[in-house]
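First up is the structure itself, then whatever we jot down about it.
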Amino acid sequence: MGDEQDKRTGKEKLLFYTTAFFILLGTFSLFAFLFLVPFVIEPAFTTIFMQFEEVPALCETYDTEIYYGAKNCSWSSCREGCTKDIYTCTQIRVNYRLNLYNFTDEFNFTEYHINLKEAERILPPVKRTDRYERALRSDYEYDNLGGGTGLDIDLGAGRMEQLNFGDADGSNGYLIEDSEDTRGLSASGTLISDERRPFDEISELNEGLMGNRSMYYYVGARLFPNVKGCGYPPMLNCTIWLKRYTKIGMKFPCYYSKVDPSLVISDLDYWQNTLNLVYSMAIPIPSFIISVIYLTYAYFKIYNEDEETAPLDKNAEDMDIDDIDAVDDSDGAVLADNVAGSQIINMDSTTNDSCLEGVLPNGGPGMTASISQGGSVTTPGPYIAQSPAGSQMTPNSEINSFGHQLKVQMADELSRDSLENGAISTSNSVQGNLSKTMTTSISTPPGPTAAV
């Protein structure tokens, strides 16, 4: 019994902790999924749907404006916090040309930013030699760290500025314009005076897709660090990001959207984007579904079976007590119903002999059979109620009581027939060492009792 109780207790504990675990798992999975939707899942899907070109383009900062007030800040190039309202915004617009490889001499620059297949890194020599005339090795300019290289590019009627790329200036390998004309610009490169801008000749009417009539593929594109234009430190620090890209004339690789060419981002990693999307959906959603399935099964199957087969000890004791009370009540009802068929022993006060008296079904005294010594006088004595079997009422005793009632009823009918013809008494005596006389009397209340 003790082993069964311990086994049952261990099973209940295991069931309790398992249920608690799945409840917590489902709760945290749901909240984690709701948290990841605006910060990871939605930006990842948007990045895929916007179809950004994996081959970087050459971007050049065209305009930088700082606005104040919620009405003026319809968009911002970078903001920390994707859900809060913005009251100060920096808007950066860029011009970009397609295929950065056509404007760089070495592939180590692009390999620093993106990982392309070997086939994508090989370009036909015709495209490269037609663009510019290769410079002699002695014409290259090397910086102190040996990471920079410069070249001159002839573009028909115009001459492109000298481009240096490397990590010496802390630009993380971005193309930097080697120009000393920074007057009228703040530390971040934002124009704060009325002096001429490098691109004043380009009017706003000329913004958009340029086609073949311009050296730029698109003019006035909006620049963002990612597709949502927002983030949180340390992944994205807008202060550092703005210092890097707000300077007018800054050249750097960028990625434009095939769906919306006016949208340009500075960083793109499709592999990491897909990986984040898979993790944010493959972990919370199955965990939540498994938790719901288990809790549903436990509620409709496990706990219902336990309640039917193995109730708690306290409830079991209460049920046992109720069953005992119900049995007592039913036995009392049976005794009350069968009281007409019970037997009463009439004790003789003078001789201490017993007299067996039957009670008719109508509740009155009926046929009485007394057993006494010869010559004794039978007088009424105290009544002792006794069941026909002399024990507690059982199904067998109920059957015996029914038979006794039938016999008493038949004797009552015979007695009534005898009373109609007169008083009939019978007496039988047995002679022997002990002389006993059986006396039978039939009486009906409230009339006198006929005795023989």
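Cβ atoms here come from the backbone N, Cα and C positions, even for glycine.
Quick caveat, the model's predicted, so the values are computed rather than measured.
Residue-level annotations in Swiss-Prot identify, among Asn108, Asn352, Asn108 as N-linked glycosylation site. Among the ranges 363-392, 423-452, the stretch that Swiss-Prot annotates as region 'Disordered' is 423-452.
The average pLDDT computed for the topological domain 'Cytoplasmic' (296-452) is 55. A sphere of 10 angstroms centred on the C-beta of Asn237 (N-linked glycosylation site) encloses 15 other C-beta atoms. All chains included, 13 other C-beta atoms sit within 10 angstroms of the C-beta of Asn72 (N-linked glycosylation site). When the Cα atoms are compared, Asn237 (N-linked glycosylation site) and Asn72 (N-linked glycosylation site) turn out to be 23 Å apart.
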